[in-house]
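Engineer: Here it is, the structure in full.
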């Protein structure tokens, strides 16, 4: 019977193809699959490939009218995960034609849209994606990228400094602007709206934008440096978001901000296009990421969300701090930090990078280290992240016993001391505390900050021991 054979059949007959040679144009995905008891890994891997491409649960007539061979996803390799029982990495190749050009939204809908609720799987995690150059080229990417940002700001040879204004909710616009001014005046490059500051009853967005712009211009005039404040343009509708970005541009400020996961990729890409067309930098916050990436066996790893952001567009993105965490976590964080900044990243499983990624001159994104860091961390941060990064100290600035401006001074002095020491060839990993202590001698602001937060034990070795 050559004709149509109705009924349910195993996915692996069609979608498990271990001898498939991947093409340069394929989008490759690495899934961590935990099958239900009794489900063979090949069937589970094939189910993932089917469900993210042409598959459905039963044989259908219209399959006869489709070139399955051309359009089906293929599970081309499966390997057990070392040290985990009944867990596998399934590699899936999906043909380029399955995706709409320039749409991160469509890419995610296709690759992770349905399959995560699949009954045959106990859990599923998307660990990495290989975006082929042909697909990368359909995206605009970051509005400006690292080099253009440095030129706009006229700041070179060091990481940039930021500060999230706290308390995140409850300040009036005028008091908020005052805190912004003090931090910038003290020596920071940027201040930041908190991710949940949008436009609430106690502070409407337009008032905030106005007072922050005033703070920026006053600080610029007094310091002779270019300053910025990440004005959060995230809103309930795309139209409102663009309206806020337009107002920011009219005020002449350098940068706006967006929560790209809660706002959604479609909104984010629209905003990124607007920002490039109008010379605004775009700072991206990853609110909601832990909902998606925190579980080890289910969800989507942050490195995939980071790649997606580079395609959708953003000039900065929050990417963890590394400091004081475990060594392995450090390697993995540095892996996706490189994916954000570099043009070409080699496959390296020890850093969680499953595929070689070629970004073909898509602009890079500055990683932002933010959360629970203070002056004693500065040598470690300078060592780990290097020059192309933004270091953000919220409480580490506003918590200074003498006030906001001295808080900013302490951070700037600590940073300049670390950068100078590094440039002189000193070993920040070993001499970090000493470098900070020495700088305290000529900066009372730094000395006061060091007193409050005390020395921390550096739980890290020099970079070159890897």
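Placed from the backbone N, Cα and C atoms, the Cβ positions cover glycine too.
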Engineer: The substrate site in Swiss-Prot lists 114, 164, 168, 318, 370. Which one of 204, 206, 286, 294 belongs there according to the record?
Structural biologist: 286
Engineer: Name the residues of the same chain, 6+ apart in sequence, whose Cβ is under 8 Å from the Cβ of residue 114 (substrate binding site)?
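Structural biologist: Expected: 51, 52.
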Engineer: An 8 Å radius from the center of the 192, 194, 195 Cβ atoms defines the neighbourhood of the Mg(2+) site; name the other residues of that chain inside it, in order.
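Structural biologist: Once 192, 194, 195 are set aside, the remaining close residues are 164, 165, 168, 193, 196, 197, 230, 232, 257, 285.
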Engineer: Taking residue 286 (substrate binding site) as the reference, which of 166, 192, 194, 195 (the recorded positions) have a CA within 10 A of its CA?
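Structural biologist: Matched recorded positions: 195, sequence order.
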Engineer: Tell me which residues of the chain lie with their Cβ under 8 angstroms from that of residue 370 (substrate binding site), as long as they are six or more apart in sequence?
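Structural biologist: Non-local contacts for residue 370 (substrate binding site): 162, 164, 318, 321, 391, 392, 394.
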Engineer: If you measure C-alpha to C-alpha, which of 166, 168, 195 (recorded positions) come within 10 angstroms of residue 285 (active site, proton acceptor)?
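Structural biologist: Qualifying among 166, 168, 195: 195.
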Engineer: Whole-number Å only: compute the distance from the Cα of residue 192 (Mg(2+) binding site) to the Cα of residue 168 (substrate binding site).
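Structural biologist: The Cα atom of residue 192 (Mg(2+) binding site) is 10 Å away from the Cα atom of residue 168 (substrate binding site).
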Engineer: Let me know how many other Cβ atoms fall within 10 Å of the Cβ of residue 192 (Mg(2+) binding site).
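Structural biologist: Total other Cβ atoms inside 10 Å, all chains included: 29.
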Engineer: For the binding-site residues listed here (194, 195), tell me which residue's CB has the most neighbouring CB atoms inside 10 Å.
Structural biologist: 195
